[in-house]
Amino acid sequence: MMYHIPGVLSPQDVARFREQLEQAEWVDGRVTTGAQGAQVKNNQQVDTRSTLYAALQNEVLNAVNQHALFFAAALPRTLSTPLFNRYQNNETYGFHVDGAVRSHPQNGWMRTDLSATLFLSDPQSYDGGELVVNDTFGQHRVKLPAGDLVLYPSSSLHCVTPVTRGVRVASFIWIQSMIRDDKKRAMLFELDKNIQNIQSLKSRYGENEEILSLLNLYHNLLREWSEI
């Protein structure tokens, strides 16, 4: 399943990120991909050896970790170190699948269950640059407001179309979820949303056994399916 997570960064945060990224050192994006991906990848990434990169990636991690909707949809166990990319002058990234595992600075290795793109450019400021994701439900073309994030299975074929005007800047992350199976994770997310909707009526109708029963079901399923 694909999920739109709005407002991960505020407009003020986005403006500050963009100002700082203007000062960043950019390198060939192929430095972080394998041989197959390098054949279709043509973009730039912030140099991960820079002091600025260390500060920015920490801010992205803090933002996503504090976002309740992101947590509910992803149920993250491990987050990769965020990276930042830039597309301009017809740069693109052809169809590819993300690697199944990635190195992680604390855990050694992590499994990539989910991929996330956090948009940092106003969609009106550039042409092209859509994230195109193919999954079992068809093809999705994504171009979100700055500060919003899209979450999708890492097993999906996806690409970024050529940027023909302006500049597209984004951060991207991989997530190892506590729930490996996409279908089970989606069911838990739907159950969680329904529980939240019912709980919003609690002030009017008070606590009831139905809410407690659903909460019990959610946590028992999470306990049964999670890998910690």
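Sequential numbering from 1, following the chain as shown.
Just so it is clear, glycine is given a Cβ too, placed from its N, Cα and C backbone atoms.
A quick note: this is a predicted structure, and the numbers were derived from the prediction, not measured.
Summarised by DSSP class, the composition of the domain 'Fe2OG dioxygenase' (78-177) is 3 helix, 60 strand, 37 coil. Under the heading domain 'Fe2OG dioxygenase', Swiss-Prot lists 78-177, citing sequence analysis as support.
The Cβ neighbour count for D98 (Fe cation binding site), using a 10 Å radius over every protein chain in view, is 20. What Swiss-Prot lists as Fe cation binding site is H96, D98, H158, and the listing cites sequence analysis.
The 2-oxoglutarate binding site annotation in Swiss-Prot covers R168 and rests on sequence analysis. R168 (2-oxoglutarate binding site) is surrounded by 27 other CB atoms, counting those within 10 A of its CB over all protein chains shown.
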Query = Which are the residues of the chain, H96, D98, H158 excluded, whose CB is within 8 A of where the CB atoms of the Fe cation site average out, their centroid?
reply = G37, F95, V97, S115, S154, S156, L157, C159
Task = Output the one of H96, H158 that, of all these binding-site residues, has the highest number of other Cβ atoms within 10 Å of its Cβ.
result = H158
Rounded inter-Cα distance in Å - R168 (2-oxoglutarate binding site), H158 (Fe cation binding site) = 17
